[in-house]
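Listed in Swiss-Prot for this protein:
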type: ACT_SITE; residues: TYR119; note: active site
type: ACT_SITE; residues: HIS127; note: active site
type: ACT_SITE; residues: LYS158; note: active site
Amino acid sequence: MVKALLVGSKVLIPNVDESRYIYSNGFYGKAIGISKPKDPKDIIRPLELSLIESVYLAKKGLIKVIDKNGEVLEYEKLYEYSSKIINKFDIMYRVYEDLREKGFIVRSGVKYGADFAVYTLGPGLEHAPYVVIAVDIDEEITPHELLSFGRVSHSTRKRLVLALVDRKSESVRYIMFKWVKM
């Protein structure tokens, strides 16, 4: 199991060989100082994981997260910690996990005004075809919010997907928007 260190809202894998291993198993994390490596061999620095990625990898048994006191944070504790740091973590994590289990590569979508950028092949190999916004199925979305989501996805030439999470059934439904000129 790969050793990872919790540092605030990030998790670091200091060992470069272990970083390469984790990255090569699904494009997890970002190598510090290297943008969009095309090959795992390009990983020559420690890997930085988001909390969402870390919770997922801990659940899968691929990483062991250790806090500043040397305590190992198992999946449940790491999930609880992340919930305190990230707004709507439960909704975001449910969507992240669902997309990963469906075989997609899921990265942060913050620069696109979304929760996630989703790839079919991987970063550095293609541009992300989708941006995903995670929403509680019971949450109301105003027409103005919907239009603002659409503007960002349209200007970046990505398909907008709303991921609707039903907390009761823990299911996720997806709605993809296609914008047309009239």
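Each residue, glycine too, has its Cβ placed from N, Cα and C.
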Round to a whole number and give the Cα-to-Cα distance in Å for the pair TYR119 (active site) and HIS127 (active site).
7
Rounded Cα separation (Å) that holds between LYS158 (active site) and HIS127 (active site):
9
Sorted by position, what residues of the same chain at least six away from HIS127 (active site) have a C-beta under 8 A from it?
ARG157, LYS158
Local backbone state of HIS127 (active site), from DSSP in three classes:
coil
Assigned element (helix, strand, coil) containing TYR119 (active site), judged by DSSP:
strand
What's the number of neighbouring CB atoms sitting within 10 A of the CB on TYR119 (active site)?
19
